[in-house]
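Trainee: Quick one: this structure, given as structure tokens, is what I'll be asking you about.
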């Protein structure tokens, strides 16, 4: 995204000469880098003053931690002010060289090492656990939403790793990167795993101040983040993992225990299980050159056109996100024929490389400017980074084109319906597609706004329908499903405003459009 020098914002009351003047016009009139530099310095100075005021309100036990957070934010804000316009030059984007994205089949063909345990014992599983369940109408951490047989995302993760540790007699730990939004609730629930065969560690993402879009100053007045102050702070995206993991001391602890790689993924991606073939490829590289960063990518479908893609840029692998693409090229970026793959956010990263780059301050990630409007109508911006964007900072990075089954994110109740259904079977915390499904593809499911919240969604299904032969399901309006319904082919159910449709128990709908009003009344 463009920084401030791209002219994205309007006026800055703290810069007297620009009071009530449009910023971008002032820039173009001035046209001098000297003037721009004066503005930058003004903005940075004003920010420093405000951050110092906030820091002064920190209690002594939070002082060091708060200072680290605000210092990190200051660096990000400084970079944000330096950036000019879109962060990629479209003319320099090329397709990655053939050998820089390997097909998974080639990795798998190398087989497994004689001692699986010896490679597993060098692995740490990291799950990104900073998100709340608000988009699905749930309070608290998203990882605590029930997704299958009352198992939550976190339950399934622990079961997967416990199964590995028992099968191979290993000690693969789980690390959760929490945010200030999820930390307390997550820690409470972790007690239930105290007898499982998985060591669980947590560390917290940074807490950064949201800034007013007009003044570019923090909206927080002090360090508190409870009550009304919660809206003043945000976790700055998963790119924050490198600094916060390092600052927590956990990175050094794990290196000290002989761990070499982390496998990082979103906790809501149920396809992101430990893959022994990829791990073996990292531990025993075929050319003897250690690969510091692996990004799992998979083939785009029309549903994935907005996903970040791996490109070649200035002789390095580089992740390009849609937010960085200059407007005239957005359609080209979305093209399935030109950019065939997208980032699953399943990443394998060398711990020693993270330590080295963090100490050299050499991890370079593009800034994502995320504008939001708060409940009271105030326009703010959040400066964020993405974990995969650091790919260009590591040596000998590699993309691996994995099967689609390794990308099974649950972002909506439409996704939840898929993973709760008989399309998948559950074994030791891992979901695999049922052998009874003839096509390995996932049906396209679109549930309307009446299903958005998990509790509404659960109320509308007496039991999850049989979906083994489903290709496409669209449901809109006030619709409920009885027990043992079977959906096949393309099914579209639309209840118009004021109408209600009850699909009766045992109904088989195959290539059907149901509309109007259908009430099943008990008599």
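Each residue, glycine too, has its Cβ placed from N, Cα and C.
Unlike curated entries, TrEMBL annotations are predicted automatically.
Feature annotation from TrEMBL assigns UTP binding site to 142, 205, 237, 268, 411. Annotation source TrEMBL lists substrate binding site at 238.
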Trainee: Hey, what's the Cβ neighbour count for the residue listed as 'substrate binding site' at 10 Å?
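Mentor: For the residue listed as 'substrate binding site', the 10 Å Cβ neighbour count is 24.
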Trainee: Could you check the binding-site residues 142, 205, 237, 268, 411 and say which one's CB has the most other CB atoms within 10 Å?
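Mentor: Output for this query is 205.
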Trainee: Please report how many Å separate the Cα atom of residue 142 (UTP binding site) from that of residue 238 (substrate binding site), as a whole number.
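Mentor: Taking the Cα atoms only, residue 142 (UTP binding site) lies 15 Å from residue 238 (substrate binding site).
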Trainee: Return only the integer: C-alpha distance in Å from residue 205 (UTP binding site) to residue 238 (substrate binding site).
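Mentor: Approximately 8 Å lies between the Cα of residue 205 (UTP binding site) and that of residue 238 (substrate binding site).
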